[in-house]
Each structure stands twice: as structure tokens, then as C-alpha cells.
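Notes follow once the structure below has been shown.
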């Protein structure tokens, strides 16, 4: 296992602010091609979240599920996406930062630093 980490942050582009208190679950694709849930986390006031720390993050395919429906419901905003799944190949020996740019009817993501 390498000393690397997996992190994210969420920006709600509809209001130009970080999305705080969004629940995120992390799963890993196992050797029989089934998703194994690893942990749940939540974004902080700045919309950031450390998902997996060094020692918890072997190479593999991961699924990040952003539970944004509750975030929008709390704000009384209708959204098309109650949850967003991002599947990423984390096979290189390096840190992975996967930001989510979010609005009620669309989203984008990229490989951050």
C-alpha cells in the first residue's frame, strides 16, 4: 500500500459557494467485480473532504457517491440528481483529488491537484 490519499471538494456553481455538509460514500471494486463500501464522509464548511488517508488507499477502481439530494432539499431547491456516482481509476502511486462542480441540473468533474 502506498502513502497517498484520496480527497475531494464540491463547489455549488449555482450560488458560487462551497457545498458544505454533503455526505459522500466511497466504495472500491473488488476482485470479483463487486463494489465494497469502505466509508462515508462529509464535506466541511469549505466543501472539502479527505476521503481516504495514507494506509487506507490501495490502487484500484473507486466509486465516489455524492449524496447531493439532501444538500439541495435543505435549501428547498429541486435537483435532477439526488446522487452522483463518479468512478475513478486510482492505479498510479500518487494522490488523487477529485473535485465536483455542481448545480441543480448539471455537474462536471476533473482531476485536481
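The backbone N, Cα and C atoms fix where each Cβ goes, glycine too.
Here's what TrEMBL has on this protein:
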- 6-112: domain 'Transthyretin/hydroxyisourate hydrolase' (DOMAIN)
- 9, 48, 110: substrate binding site (BINDING)
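Same-chain residues with CB within 8 A of the center of the 9, 48, 110 CB atoms, the substrate site residues themselves not counted, are 7, 8, 10, 11, 47, 97, 98, 99, 100, 112. Taking the binding-site residues 48, 110 in turn, the residue surrounded by the fewest other Cβ atoms inside 10 Å of its Cβ turns out to be 110. For residue 9 (substrate binding site), the Cβ neighbour count at a 10 Å cut-off comes to 19, with all displayed protein chains included.
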